[in-house]
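S.K.: This is the structure I have questions about; it appears just below.
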Amino acid sequence: MTLNTEQEAKTPLHRRASTPLPLSPRGHQPGRLSTVPSTQSQHPRLGQSASLNPPTQKPSPAPDDWSSESSDSEGSWEALYRVVLLGDPGVGKTSLASLFAGKQERDLHEQLGEDVYERTLTVDGEDTTLVVVDTWEAEKLDKSWSQESCLQGGSAYVIVYSIADRGSFESASELRIQLRRTHQADHVPIILVGNKADLARCREVSVEEGRACAVVFDCKFIETSATLQHNVAELFEGVVRQLRLRRRDSAAKEPPAPRRPASLAQRARRFLARLTARSARRRALKARSKSCHNLAVL
């Protein structure tokens, strides 16, 4: 029996259908399968489509973030400020807010909420919109985080006490300390208001005490009477002027240059200057006590 080895060597081998084809390390060829992925992807991966993941956009500022310190000074909210009324119950905060709202002039004010009022005032020929918030008592009774946000979300603060209630005056001093802790680096105007000046016979807090408190805590001072509508307009016009002055003052300030270490001679001069500065401090304190009731100056 003769084996045709030469004929078998020339003819290609026939494989069964179940026999796998050899893997090719090269690219795709007709009739063969390739397990090597293509270097150029024809379609983006799932979850990476540009239509499914649009570029992120910054959220629009909330109304609570409206402030005179906004970087967009040319925006439509430049002259809108949030004024927060603080103080014990019964000192006249709601009466002052109602007079600000001008209930006799419905076309000049808009009530945004139960205790929130908005009104545009023309002071020194320039329009400024104030949003007066009288929600301190509701937030205090609620004992929630909103009371803390009330101390942080104002463009200006009006601390009200009654001249016929020394306890409310002491509470006003405590509120001023809380505001100082909350706004340590902020240039926020704070006005101390002695309301119910019409109750002169029941007075427990003198004008001198109110001024001294304003000087110590670096704020403005004014006495009002919501019953007689005395100094109420001057109060809110003063708030507008203080906001403008603080805004201009903070804009004019430049970051300080880095200080060099002082020499021995410079330190000696500073020490001698401190020894002789007591009279100057007294004069400055006296000047501040004279100007603390002037809401048209810093």
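Residue numbers in this text run from 1 along the chain shown.
Cβ from N, Cα, C; glycine included.
Straight from Swiss-Prot, here's the annotation block:
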| type | residues | note |
| --- | --- | --- |
| REGION | 1-73 | region 'Disordered' |
| COMPBIAS | 35-55 | compositional bias 'Polar residues' |
| MOD_RES | Ser51 | phosphoserine |
| COMPBIAS | 63-73 | compositional bias 'Low complexity' |
| BINDING | Gly87, Asp88, Pro89, Gly90, Val91, Gly92, Lys93, Thr94, Asn195, Lys196, Ala197, Asp198 | GTP binding site |
| REGION | 268-287 | region 'Calmodulin-binding' |
S.K.: Could you pull the average pLDDT for the region 'Calmodulin-binding' (268-287)?
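M.R.: Averaged over the region 'Calmodulin-binding' (268-287), per-residue pLDDT gives 61.
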S.K.: Sorted by position, what residues of the same chain at least six away from Ala197 (GTP binding site) have a C-beta under 8 A from it?
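M.R.: When sequence neighbours closer than 6 are ignored, Ala197 (GTP binding site) has Ile163, Glu223, Thr224, Ser225, Leu228, His230, Asn231 within Cβ distance under 8 Å.
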S.K.: Quick one, of the binding-site residues Gly87, Pro89, which Cβ has the fewest other Cβ within 10 Å?
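M.R.: Comparing Cβ neighbours within 10 Å for the binding-site residues Gly87, Pro89, Pro89 has the fewest.
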S.K.: Around Val91 (GTP binding site), how many other C-beta atoms are within 10 angstroms of its C-beta?
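M.R.: The answer is 27 other Cβ atoms.
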